[in-house]
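> The following block contains the structure, expressed as structure tokens.
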């Protein structure tokens with residue numbers, strides 16, 4: 001009886017506590033805004049209340065916005081009084097099970113709770129990774145291994161590595177722990193301690209496996225420094241000082257998470273798993289006097305990095321950065337004037353810690369106008385009398401985020417142009433993941449080293465980076481089709497001219513998902529999403545085309561376990577019918593996944609995609625053949641692709657653009 005009274009008292013106390021959290025203002029909050037700190041706290045309380053009788057700790061692996069149905073968002077857009085229910089998706093671990101919970105913030109209740117019974121595990125938390133490394137540093141056998149190598153344990157730093165899946169019938173939720181030596185350097189990834197296998201069971205919070213296999217060489221710390229304050233002469237080259245400012249302040253307005261700039265209107269969000277999210281991007285059409293829909297939602301859904309050393313200490317290193325570690329969780333504060341120019345405006349991000357409490361990621365996103373020095377358009381009429389010349393400088397809007405996942409830093413840009421183009425840019429920098437060896441010169445290498453000798457005793461291991469973009473394009477509406485325009489060579493049958501050949505186009509509309517699976521190769525083809533229900537005055541279907549950039553294909557065999565898990569790399573282009581539950585190309589639970597709930601699985605249903613609400617998935621890739629210039633820190637390698645209007649406008653949409661005025665700044669260093 002006393003226990004029942006106590007439970008009732010706790011329940012009433014929780015209800016009264018919940019009343020302290022007012023619902024978000026419907027007048028200001030956008031339905032796609034990321035969760036606020038107050039909402040994270042409210043979700044935490046609601047979930048813990050639902051499990052108040054469970055005597056075990058519950059861990060929050062992922063908490064994010066459970067986005068409303070698209071039509072509900074469009075109804076709100078036309079009538080702000082029709083507010084969609086505000087909900088959160090919560091993935092937890094409890095009693096060694098994964099729960100997928102939907103919390104209705106509007107009603108302060110659990111809407112649904114499903115136990116995940118499939119293969120794979122959810123996003124790792126930062127806290128459990130830290131706990132795993134601390135276990136190792138305090139572990140007696142590990143201390144003995146360090147002493148045997150003559151290494152000072154106080155100079156050892158450990159990290160975490162997922163273990164992948166290699167045909168096991170049953171999997172435990174574990175991590176492998178690589179460690180590094182930091183005596184004489186902060187560039188820890190370049191001084192790995194090899195020859196030791198350490199496995200930590202995350203559910204039991206204990207070291208479940210330990211093997212000291214061999215004593216490998218330790219690379220020297222001397223050439224690894226990259227901090228300017230610690231570098232020694234000679235220096236150079238010296239960059240000229242520069243001022244990147246706008247005379248009238250930012251050229252855009254930021255209302256909450258909604259940006260209005262030039263002829264664009266878009267929404268910027270933040271998520272623990274995928275980082276920055278662009279939503280409801282629309283462009284203003286001068287001729288039609290209205291904003292027209294282009295992209296409903298876009299983000300990087302997954303990043304796959306398989307390393308190419310199949311040896312005992314390396315074969316499992318096949319990371320899925322979004323699904324295992326999270327771009328939002330690993331977002332780093334952007335540094336004004338270096339990561340972003342002086343005219344940038346910064347936005348904080350928030351995610352849930354392992355206990356469900358909100359964690360602030362300061363300056364996670366920056367937004368700025370880019371005055372690149374490029375040309376928007378120009379023409380000179382050389383044959384006309386007089387000097388007829390028109391030039392417009394290129395100005396664009398950039399939304400930037402940087403995620404540092406272990407040794408790599410990823411610079412992630414969304415660039416919007418007044419012409420209607422959207423450019424997706426990726427920059428890869430940071431430091432290599434290296435393997436210590438006895439070699440000091442390439443002439444000593446007599447077998448496959450699986451990488452390049454980038455310094456004495458240091459192999460930079462070959463690897464790939466595959467990024468998959470989720471692009472829910474709604475070109476002038478949500479009923480779209482995917483069109484392949486093949487460029488075909490024809491023989492000239494016109495006897496009146498000496499020409500023997502020409503090329504023309506043959507268009508093909510994809511009917512099903514199989515039709516839209518494409519490996520980009522040497523075959524000339526243009527790919528576009530068009531609205532078959534909308535035409536220009538001249539009769540062309542309005543659309544946007546995909547202009548590919550880096551589009552590498554996988555080189556692993558199809559039966560290799562990492563490739564089975566990363567089947568989204570099998571094709572560069574995929575198209576699916578919109579399905580709210582199909583969000584991440586490698587599936588929901590990626591850690592130790594088995595390729596049975598991913599983009600390949602979904603598209604194997606071969607659903608109809610013509611004149612439907614469809615999603616474009618684009619996989620870009622880099623094959624990284626390492627080189628000495630990547631050492632000790634790697635100059636940024638950049639790639640990307642573009643979405644470009646094709647018959648979307650009646651004519652050049654930047655024909656009448658008003659160029660910026662050139663502001664002359666006084667030369668403060670000039671002598672009077």
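Every residue gets a Cβ built from N, Cα and C, even glycine.
Below, the features straight out of TrEMBL:
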SIGNAL    1-26  signal peptide
DOMAIN    30-114  domain 'Copper amine oxidase N2-terminal'
DOMAIN    122-218  domain 'Copper amine oxidase N3-terminal'
DOMAIN    245-655  domain 'Copper amine oxidase catalytic'
ACT_SITE  321  active site, proton acceptor
ACT_SITE  408  active site, schiff-base intermediate with substrate
MOD_RES   408  2',4',5'-topaquinone
> Please report the distance from the Cα of the residue listed as 'active site, proton acceptor' to the Cα of residue 408 (active site, schiff-base intermediate with substrate), rounded to the nearest angstrom.
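Computed Cα spacing between the residue listed as 'active site, proton acceptor' and residue 408 (active site, schiff-base intermediate with substrate) is 10 Å.
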> Sorted by position, what residues of the same chain at least six away from residue 408 (active site, schiff-base intermediate with substrate) have a C-beta under 8 A from it?
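Correct list: 305, 428, 429, 430, 431.
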> What is the number of other Cβ atoms found within 10 Å of the Cβ of the residue listed as 'active site, proton acceptor'?
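Cβ-Cβ neighbours of the residue listed as 'active site, proton acceptor' within 10 Å number 24.
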> Do you know the DSSP helix, strand and coil residue counts for the domain 'Copper amine oxidase N3-terminal' (122-218)?
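The breakdown for the domain 'Copper amine oxidase N3-terminal' (122-218) reads 27 helix, 25 strand, 45 coil.
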